[in-house]
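Visitor: Pulled from TrEMBL, these are the listed features:
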| type | residues | note |
| --- | --- | --- |
| REGION | 1-33 | region 'Disordered' |
| BINDING | 51-56, 160-161, 185-191, 210-214, 279-282, Ala336 | GTP binding site |
| BINDING | Ser55, Thr191 | Mg(2+) binding site |
Amino acid sequence: MAQTGANGPSGGGEQAPVVRKTRDGRGSLQPCSEATCEGRDIKLLLLGTGESGKSTVLKQMRLHHVGGYSKEERDGYREIVYANLIQSMQVVIEALHDLNMPLPPSLRDKAALVMSTRVSAHDPCPPMLDPLVTDALVSLWADPTTKACVSKSREFQLNDSASYYFDAAQRIGSQNYVPTDQDILRSRVKTTGLTEERFPVGQLNYVVFDVGGQRSERKKWIHCFENVNVLIFLVAISEYDQTLYEDSDINRMNEAAGLFESISNSRWFAQSSVILFLNKTDLFKAKLITSPIYEYYSDYEGPSDYPTGCAYMESKFRPLYRNEAARPLIVHFTCATDTEQLKVVFAAVEESILKAAIEELGIL
């Protein structure tokens, strides 16, 4: 199950540890001096299928190690939040039609207004949403038919954070709106290519790579593989009842399992620590009530509860990893939008990095 640990290297005033060899060949942990440690890079690679939560974890790392976003950076996320909110409601309105769930006549003009609103995460950002659009969004979300449609979202492709943004529509549409940490964490823009961020951790530099998870992006991963210290592979366990954007015949969990087996056993990662984040536990827990696992996996024999479901999900992935004897697989159950939980997870990850350094004598 989830691994936890004490705090590892931190961004505080203490010197980060470094491994030194003693005369008898054993490792001893000593304070890192500027000459030996400053500027050393620890490379972490975030991998997983599309929408597994990689970019959200990267944002959490920034909050944890850097301390947040400036006013200018928050303003830069405003158009992304606007786009996520409006485009998600447009998807729901289309689904209402496809699922033969008509809206009340009083809401049809409001739905038409939302459908005619054009917004992109890459467009110049207006200072605020049109008040008429905000009113339409709030009214549509207040209607039981809309909520009933969202509850069927496994039947169509809807942003995981749609309900969060619908709940916050009035606030998001207000004058002088500035995105909060949660608004930013839940924002969604498809990752294409390679994103690299550096975070100072003590006297070390964590270099974190995030790459696109859709099939069309995976051929670009090969450039990131060599000399990576830590592979963090993310799986959205809430997607056990969903299919791929690219191919509606393929279950997302099955796709993730196949990719994890291929990547984690690749020669490129033979010397890397492998950490598995079984992510989106909040959505997973909520979904179990209405979408039992046994309806999608014939070998599932337990009750449709959270602890049993988590154990089953881990059992689907752990046997796929074949380097357990040399480098044990570390598993965390995560909710990437939960900042407090991720602080604990990051501390455990940092401890794992330090432990690997001690064992290999000289990786740092």
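One-based numbering along the chain as shown.
Backbone N, Cα and C atoms are what each Cβ position is placed from, and that goes for glycine too.
Automatic prediction, not curation, is the source of TrEMBL annotations.
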Visitor: Measure from the Cβ of Glu51 (GTP binding site) and count the other Cβ atoms within 10 Å, all protein chains considered.
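Guide: I get 25 for this one.
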Visitor: Whose Cβ, among the binding-site residues Leu185, Ala336, has more other Cβ atoms within 10 Å than any of the rest?
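Guide: Most Cβ neighbours within 10 Å: Ala336.
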Visitor: Per 10 Å Cβ neighbour count, which of the binding-site residues Val189, Val211 ranks highest?
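Guide: Result of the Cβ crowding comparison: Val211.
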Visitor: Using DSSP and three states only, what is Ala336 (GTP binding site)?
Guide: coil
Visitor: Relative to the Cβ of Asn279 (GTP binding site), which residues of the same chain, six or more apart in sequence, are found under 8 Å away?
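Guide: Expected: Ser52, Gly53, Val57, Leu234, Val235, Ala236, Ile237, Thr334, Cys335, Ala336.
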